[in-house]
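*Asks:* Quick one: structure below, then a few questions.
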């Protein structure tokens, strides 16, 4: 996470005129340190709750005003009510996913991680073997 934060935040330095100020603001100092990593960890923790809140507000507004129908066609004969049919299927799928996710993260948290993440970061020495995470491997040359 140290080197990932260093590389990603340094991308902002390419912005003309204000890039170095943005990088300094993101770091909270002159380099990536514990405060930076703590700030990014807090952001990664709080961001899903913000997204869930926005999704709930969107659903509440959609429920209040209704959906837009640009064609003006009324197909009320073919409707299947969402609740209880789809909400029970979604609830069962969510429960299975939640059990697998919690079970995997509680009993084997190190399985999907890179072994180099367990090495303490040394800002004076760049790691020998640098590779992106699995979701960026397609762009890695």
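Backbone N, Cα and C atoms are what each Cβ position is placed from, and that goes for glycine too.
TrEMBL lists these features:
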{"type": "DOMAIN", "residues": "1-71", "note": "domain 'Cytochrome b/b6 N-terminal region profile'"}
{"type": "DOMAIN", "residues": "72-141", "note": "domain 'Cytochrome b/b6 C-terminal region profile'"}
{"type": "TRANSMEM", "residues": "6-28", "note": "transmembrane segment"}
{"type": "TRANSMEM", "residues": "40-61", "note": "transmembrane segment"}
{"type": "TRANSMEM", "residues": "91-112", "note": "transmembrane segment"}
*Asks:* When secondary structure is assigned with DSSP, how many helix, strand and coil residues does the domain 'Cytochrome b/b6 N-terminal region profile' (1-71) contain?
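*Replies:* Taking the domain 'Cytochrome b/b6 N-terminal region profile' (1-71) as a whole: 54 helix, 0 strand, 17 coil.
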*Asks:* Tally the residues of the domain 'Cytochrome b/b6 C-terminal region profile' (72-141) by DSSP class, grouping H, G and I as helix, E and B as strand, and everything else as coil.
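*Replies:* So the domain 'Cytochrome b/b6 C-terminal region profile' (72-141) is made up of 36 helix, 0 strand, 34 coil.
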*Asks:* Averaged over the whole of the domain 'Cytochrome b/b6 C-terminal region profile' (72-141), what is the pLDDT?
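*Replies:* Value for the domain 'Cytochrome b/b6 C-terminal region profile' (72-141), mean pLDDT as a whole number: 83.
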